[in-house]
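Dropping the structure in here first, questions after.
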Amino acid sequence: MDHSNPYAPLRGRTIRGMFHIVLVEPEIPPNTGNVIRLAANTGCALHLVEPLGFSMEDRLLRRAGLDYHETARVLRHADWPSFLRDARPDPARMFAMTTHGAQPVHATAFQPGDWLVFGAETRGLAPALRETFAPGQRLRLPMVAGQRSLNLSNAVAVTVFEAWRQNGFAMPD
């Protein structure tokens, strides 16, 4: 990653990975650090959609990600429209993770290259953004009734490993 330009251009480049993890406006540095480590270890690309609730130099972010910052593919996007323009995700293969979803994660047939979209820790995806996803692309993880949500990095890990399991834990390109 070009650290001098956090918005290194994507146009004309294909970002390959087992899956694309998209964190929209993450707020808590250790959660994002954990996801950086997860991305490095699963061959996923990580997209961070700003604004971020922290600096990429935050010590808690760096500590949680250990030395995986150097091997993870992390791309930053100024906002959601910039992400859509620059990353060019396939809308049919984008999935919003939300407690408002009707489709369980395990009932979704994932494919390599899918886009897994997660909202901020304290508020999830904004309703207007969430509603841009078809009902079958709004996914939820099972939880005990009456609970609000899982920790962001845990939800990402469970989702990525379910998608990867469905694909036989194939190694990414």
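Glycine is no exception: its Cβ is also placed from the backbone N, Cα and C atoms.
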According to TrEMBL, G119, L141, S149 bind S-adenosyl-L-methionine; which one of M94, M97 is listed for that same site?
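As annotated by TrEMBL, G119, L141, S149 share the S-adenosyl-L-methionine site with M97, chosen from M94, M97.
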Across the record's S-adenosyl-L-methionine-binding residues M97, G119, L141, S149, the largest CA-CA distance in angstrom?
14
Do you know which of the binding-site residues M97, L141 has the most other C-beta atoms within 10 angstroms of its C-beta?
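Output for this query is M97.
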State the count of C-beta atoms found within 10 angstroms of the C-beta of G119 (S-adenosyl-L-methionine binding site), not counting that atom itself.
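Excluding its own Cβ, the number within 10 Å is 25.
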